[in-house]
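Visitor: Here Swiss-Prot flags LYS31, ARG32, ALA69, LEU71, LEU73, GLY118, ARG144, GLY149 as 3-(methylsulfanyl)acryloyl-CoA binding site, drawing on experimental evidence. What Swiss-Prot lists as active site, nucleophile is GLU121, and the listing cites experimental evidence. According to Swiss-Prot, the feature active site, proton acceptor maps to GLU141, an assignment based on experimental evidence.
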Amino acid sequence: MTQDVTSGYSNLDLDLRDNGVCVVTLNRPDKRNALDVATIEELVTFFSTAHRKGVRAVVLTGAGDHFCAGLDLVEHWKADRSADDFMHVCLRWHEAFNKMEYGGVPIIAALRGAVVGGGLELASAAHLRVMDQSTYFALPEGQRGIFTGGGATIRVSDMIGKYRMIDMILTGRVYQGQEAADLGLAQYITEGSSFDKAMELADKIASNLPLTNFAICSAISHMQNMSGLDAAYAEAFVGGIVNTQPAARERLEAFANKTAARVRPNS
C-alpha cells in the first residue's frame, strides 16, 4: 500500500507513517519550493487518490527554509504562454487545491519562511495551518504585474476578508508573527518547530474515524457554498450517515460506559 501511495513523484517527497499520517514535502528547495507545472500535476495525482489509499491525515511542508514561494515565475516567463494557455494552467491549480479542500483527508500545513503568492494559495487549501516565528505571508502579484490564479480571491479572502486581501495584492503588504495568526492566516503559531506541532495535530486527527474526518473536511466546505436552508438540510443528511456508523456506536458505547477520554480544559 505504501509503495502505491508514495512512488512515482519527483517534486514531492512522500512518507506514509504506520498510523496513516502522510508527510508531503514540496521538494524544490533551490527554488524555495516554487510551484511549476510538474509540481501541480503531482499534487493533483496525490490528492485525487489519497483518501482511497490509507491516508488518514496529511502534513504538508516544504524542504529547506521556506514553505513555498508561489508560482515558478521563471518557468512562466520562459514559457511565454498565451492567455488561453495560462487560463488552463490556473484551472489545473484550482483542480489541485479543490481536491485538497474537498477531498476529505485532513491536511495540516506546516509553515515556515516564505508563504508567498501561490504558496499562500496552497496553504489556504489546507484545513489547518501552523506557522513558526520565521513565517511570513505576502501576495506580491501586483508588484510583478500579474494577478492571482490559484484561489486567493476566494480562500485568502475568506480567511482575512476581501479588503485585507486586496491590500496585500495592491501594496505587497507582508504579515508575520502574532498579527498574521490573529488575522486568521494560521490557526496555530509556535515558538518551536511548526512541523512538530503539525505532526502532533495530525497524529490526533488520524485517530478519528475516517468517515467523520471526511465529513468534517469535505461536507463543511460544501455547506459554506449553500444557502442556509440547503446547508441545514445537508448537515442533517450527513449527520444521519456519520452519526449512525457502527464504529461511532462503539465510541458512544465507551462514552456511555465512562471508559472514553473526558473533555477537559487546557491546563
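Cβ coordinates are placed from backbone N, Cα and C, and glycine is handled just like the others.
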Visitor: Given a separation of at least six residues and a C-beta threshold under 8 Å, show me what packs close to the residue listed as 'active site, nucleophile' in the same chain.
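Guide: Once residues fewer than 6 apart are set aside, the residue listed as 'active site, nucleophile' is near GLY70, TRP93, PHE97, THR148, GLY150, GLY151, ALA152, ARG155, VAL156.
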Visitor: Can you tell me how many other Cβ atoms are located within 10 Å of the Cβ belonging to GLU141 (active site, proton acceptor)?
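Guide: Summing over all protein chains shown, GLU141 (active site, proton acceptor) has 21 other Cβ atoms within 10 Å.
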Visitor: For LYS31, ARG32, ARG144, listed as binding-site residues, tell me which one has the smallest number of other Cβ atoms within 10 Å.
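Guide: So among LYS31, ARG32, ARG144, the binding-site residues given, the one with the fewest Cβ atoms within 10 Å is ARG144.
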Visitor: How big is the Cα-to-Cα gap, in Å, between ARG32 (3-(methylsulfanyl)acryloyl-CoA binding site) and the residue listed as 'active site, proton acceptor'?
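Guide: The separation of the Cα atoms works out to 17 Å.
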Visitor: Among the binding-site residues listed here, GLY118, GLY149, which has the most company in the form of other Cβ atoms within 10 Å of its Cβ?
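Guide: Counting every other Cβ within 10 Å of each candidate, the maximum falls on GLY118.
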Visitor: Using the structure shown, find which entry in ALA69, LEU71, LEU73 (the binding-site residues) has the sparsest Cβ neighbourhood within 10 Å.
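Guide: Fewest other Cβ atoms within 10 Å, among the binding-site residues ALA69, LEU71, LEU73, is found for LEU73.
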Visitor: What's the CA-CA gap between GLY149 (3-(methylsulfanyl)acryloyl-CoA binding site) and GLU141 (active site, proton acceptor) in angstrom, rounded?
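Guide: Cα-Cα distance, GLY149 (3-(methylsulfanyl)acryloyl-CoA binding site) to GLU141 (active site, proton acceptor): 10 Å.
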Visitor: Fill in the CA-CA distance, GLU141 (active site, proton acceptor) to GLY118 (3-(methylsulfanyl)acryloyl-CoA binding site), as an integer in Å.
Guide: 9
